[in-house]
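A.B. asks: Sharing a structure, written as structure tokens. Questions coming.
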């Protein structure tokens with residue numbers, strides 16, 4: 001598996017850290033995908049979340065026969081981190097089996113990410129490990145968050 005940054009990107013190592021850290025995070029998201037429970041859609045998704053102190057939490061999607069009770073990989077990873085006391089994130093990598101398009105978080109996951117800030121990185125990947133880097137703010141512009149409730 002080779003990891004390939006997107007063509008023309010000039011901000012590959014900003015925010016998350018060095019290239020090795022990014023590659024490791026993407027690899028862990030692909031590993032997490034292997035644990036997906038997706039008997040209905042057959043659409044496997046994995047996520048790897050990097051905290052501000054460099055701890056990684058992984059998650060996968062878990063479907064349910066009552067479809068709306070399924071949980072996305074991104075939210076699983078974030079819930080695991082929060083349940084262990086981590087709420088400050090640097091980056092998340094998301095992986096699927098899509099070959100032609102970058103996997104992108106659903107609207108619910110974007111809002112869930114937003115709860116923990118807008119200035120952290122989101123790596124959208126393809127099956128061949130190429131990726132596109134965005135921030136939570138880019139994925140969910142003009143968003144509603146905790147400050148709106150005070």
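Quick reminder: no glycine exception, Cβ is built from N, Cα and C everywhere.
Sharing the feature lines straight out of TrEMBL:
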- 20-147: domain 'CMP/dCMP-type deaminase' (DOMAIN)
- 61, 62, 63, 64, 65, 66, 67: substrate binding site (BINDING)
- 72, 106, 109: Zn(2+) binding site (BINDING)
- 74: active site, proton donor (ACT_SITE)
A.B. asks: With DSSP helix as H/G/I and strand as E/B, how many residues of the domain 'CMP/dCMP-type deaminase' (20-147) fall in helix, strand and coil?
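C.D. replies: Secondary-structure breakdown of the domain 'CMP/dCMP-type deaminase' (20-147): 42 helix, 33 strand, 53 coil.
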A.B. asks: What's the CA-CA gap between residue 63 (substrate binding site) and residue 109 (Zn(2+) binding site) in angstrom, rounded?
C.D. replies: 15
A.B. asks: Compute the centroid of the Cβ atoms of 72, 106, 109, then list the same-chain residues not in that set whose Cβ lies within 8 Å of it, in sequence order, for the Zn(2+) site.
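C.D. replies: The surrounding set, listed in chain order, is 73, 74, 75, 105, 107, 108, 110, 112.
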A.B. asks: Does residue 109 (Zn(2+) binding site) have same-chain partners at least 6 apart in sequence with Cβ under 8 Å from its own Cβ, and which are they?
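C.D. replies: Long-range Cβ contacts: 72, 74, 75.
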A.B. asks: In angstrom units, rounded to an integer, how far apart are the Cα atoms of residue 106 (Zn(2+) binding site) and residue 64 (substrate binding site)?
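C.D. replies: A Cα-Cα distance of 17 Å.
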A.B. asks: Using the CB centroid of 61, 62, 63, 64, 65, 66, 67 as the substrate site centre, which other residues of the same chain sit with their CB within 8 A?
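C.D. replies: Other same-chain residues with Cβ inside the cutoff are 37, 40, 69, 70, 71.
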